[in-house]
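Participant: So that we are looking at the same thing, I have put the structure below in C-alpha cells.
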Amino acid sequence: MILKKRSKSSKNWLKRNFNDPYIKERNKKKLRSRSWFKLKEIDESEKIFKKGMNVIDLGSNPGGWSEYTLKKIGKSGKIFACDILPMRFLKDIVFFCGDISNSDFLKKIFLFLDKYSWNVVMSDISPNICGYSVIDNSNMFKLSNIVLKISRHVLSNNGYLIIKLFQGYGFNKYMKKIRNIFELVKIYKPNASRVNSREVFIIAYGCKK
C-alpha cells in the first residue's frame, strides 16, 4: 500500500496545532473548543458576565462559549444557543438547530426569545470560507447583519453584543452601522486569536431603542 504524501499545507496545519498552547490547554481542561479562551479574555477585560444573566449564543457549535458562560451566570441565568449544525448536549442550555438566515427559522426563535429579557447576545458565527477575502467578508457581514437584527430586537437597554468580524472589505461600513445602534463600541483582538487571522471581536454596549 502506497501512502500519499501529506501536502505542505496539511503539514503546516499539523505543526501549528501541535505547537499551539491554547489547544494543549483545551485538551488538558477537556474544553469544547479553543475559542473558549477568546471569550475568557474578552470577559476578563470587560467584566461582562454576571450571575443571573440571560445570554444568547449564536453560532454556538461546538459549545465552547456556552460552556464558559454557563459557569459565569450560574443556575439563575439562562442560555439560548443556536447553530446551523447540531451541538452536543450541554445541561441547562436551550438549543435550537437551524439557519438564522432562514426567515421561518428566525420567526421560530423569536417566539422563544420574546418570552424573556436578554442581557447579552454573542456571536462566533463564521460563513463557509472559500479563501477569497471579498466573498468571505461579504458572506460574513450578511450573517452579522442578521445578528444585529436579533440584538436590536431582544437586548435590554444596557445589554451587550459580542460579535466576531473579519477585517477588510465591508468592515468600516459595518462598524459605522453598529456605532449608530450602540452607545459604546470597542474592537478587541484576543491573544488567543491566531496572529495571521483577520478576525476581531466587537464589544458593543447600550443598545439604542
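Note: Cβ is positioned from N, Cα and C throughout, glycine not excepted.
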Participant: In Swiss-Prot, the residues Gly63, Trp65, Asp83, Asp124 are said to bind S-adenosyl-L-methionine. Which of Asp99, Asp104, Asp136 is said to bind at that same site?
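Facilitator: Among Asp99, Asp104, Asp136, only Asp99 appears alongside Gly63, Trp65, Asp83, Asp124 as S-adenosyl-L-methionine-binding in Swiss-Prot.
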Participant: How many other Cβ atoms sit within 10 Å of the Cβ of Gly63 (S-adenosyl-L-methionine binding site)?
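Facilitator: So the Cβ neighbour count for Gly63 (S-adenosyl-L-methionine binding site) comes to 24.
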Participant: Using the residues the record lists for S-adenosyl-L-methionine (Gly63, Trp65, Asp83, Asp99, Asp124), what whole-number Å value is the largest Cα to Cα distance?
Facilitator: 19
Participant: So if I draw a 10 Å sphere around the Cβ of Asp99 (S-adenosyl-L-methionine binding site), how many other Cβ atoms end up inside it?
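Facilitator: So the Cβ neighbour count for Asp99 (S-adenosyl-L-methionine binding site) comes to 14.
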Participant: Considering the recorded positions Trp65, Asp83, Asp124, Lys164, which residue's Cβ sits among the greatest number of other Cβ atoms within 10 Å?
Facilitator: Trp65
Participant: Check Trp65 (S-adenosyl-L-methionine binding site) against DSSP and tell me helix, strand or coil, would you?
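Facilitator: Its secondary structure by DSSP: helix.
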